[in-house]
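**Q** As annotated in TrEMBL:
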BINDING   30-37, 147-150, Ile176, 184-187  ATP binding site
ACT_SITE  His37  active site, proton donor
BINDING   Gln61, Gln153  (R)-pantoate binding site
BINDING   Gln61  beta-alanine binding site
Amino acid sequence: MNIITKKTELSTVIEKLKSEGKTVGLVPTMGALHEGHISLVKACKKGNDIAVVSVFVNPTQFNDKEDLKRYPRTLDKDVTLLEKNGCDYVFAPSVEEMYPEEDTRVFNFGYVESVMEGARRPGHFNGVGQIVSKLFDIVRPHRAYFGMKDFQQIAVIKNMVKQLHYDLEIVPCPIIRETDGLAMSSRNTLLEPEYRKNAPHIHKVLEEATHLTSQMNVEELKKWVVDEINKNPYLKTEYFEIVDDTELKPIQDWKENNVKVGCIAVYAGKIRLIDNIVF
Ligand code: PAF
């Protein structure tokens, strides 16, 4: 496995591999890797000759400076884990390498960025668009892998791929959970023990909710989920929406003929957790 920190070096290496007929997959990450990321790396390696993993805490997608400061950074551990799991190239650039000057690009992802995370984290998806497009330009992968925990992020990135005519496939990969049901996230390591102990309540309530659609209409069920989660003194729901899986428009009726996804953001103390479930 090679570790590369410079954009031009990575582009040159990848171009050469592609000219030899190799397929290339990219897994963009912000590091602090866990089993969820590793499942992406494994899928990437299975679907391509070459697996490239980027490790970069992207400052432009953090609308909360405190969140950026406390975001875990564990590059040495990440590299060891990637080496064991089939990664061929780690791309770990500095902030100056990725942003030699301010990125002033403003994307318009339309409706999919205006709701849920987009409504609560102004500028977040614009920052995601900035870094992911830079990574796509450097690597020009055949496929790029993203975890479905960040469900809305996938919709935004698919929109960007269409708008900017990237010739690549976005591969969404299933959420990986801890044994107690908590969706794996780099932020889980920041949870104080009592909050960590209570955080699996989020998935437990979502799971239960999927069995209640014959007893409640959509609005009733949404309220039930929020009430059940907020009954736990360690958790405070920010939003819970049930949306279709492509346009992210709110579901009005269970009879609608689409895939319905319940998306949630919950504060466990200062730490904000997101999760989702298919109804
Ligand atoms: O999902 C993430 O970890 C980040 O948003 C991504 C896609 C690596 C861009 O920084």
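Cβ coordinates are placed from backbone N, Cα and C, and glycine is handled just like the others.
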**Q** Find, for the listed binding-site residues Leu33, Ile176, the residue with the lowest Cβ contact count at a 10 Å cut-off, counting only other Cβ atoms.
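**A** Across Leu33, Ile176, these binding-site residues, the one with fewest Cβ atoms within 10 Å is Ile176.
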**Q** Spatially speaking, which of the recorded positions His37, Gln61, Gln153 is closest to Ser186 (ATP binding site)? Use C-alpha to C-alpha, please.
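**A** Nearest listed residue in space: His37.
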**Q** Are there recorded positions among His37, Gln61, Gln153 that sit within 10 Å of Ile176 (ATP binding site), Cα to Cα? If so, list them; otherwise say none.
**A** His37
**Q** I need the most crowded of these binding-site residues: Gln61, Gln153, Ser186. Count other C-beta atoms within 10 angstroms of each C-beta and give me the top one.
**A** Gln153
**Q** Distance between Met30 (ATP binding site) and Gln153 ((R)-pantoate binding site) at the Cα atoms, whole Å?
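**A** So the Cα of Gln153 ((R)-pantoate binding site) lies 14 Å away from that of Met30 (ATP binding site).
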**Q** Only counting partners 6 or more residues apart, tell me which same-chain residues put their Cβ under 8 Å from the Cβ of Gly36 (ATP binding site).
**A** Gly147, Lys149, Ile175, Ile176, Ala183, Met184, Ser185
**Q** My understanding is the cutoff is Cβ-Cβ under 8 Å with a sequence separation of 6 or more in the same chain; which residues meet that for the residue listed as 'active site, proton donor'?
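**A** Listed in sequence order, they are Val27, Thr29, Val53, Gly147.
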**Q** How big is the Cα-to-Cα gap, in Å, between Gln153 ((R)-pantoate binding site) and Leu33 (ATP binding site)?
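**A** That comes out at 18 Å between the alpha carbons.
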**Q** Going by DSSP, is Gln153 ((R)-pantoate binding site) part of a helix, a strand, or coil?
**A** helix
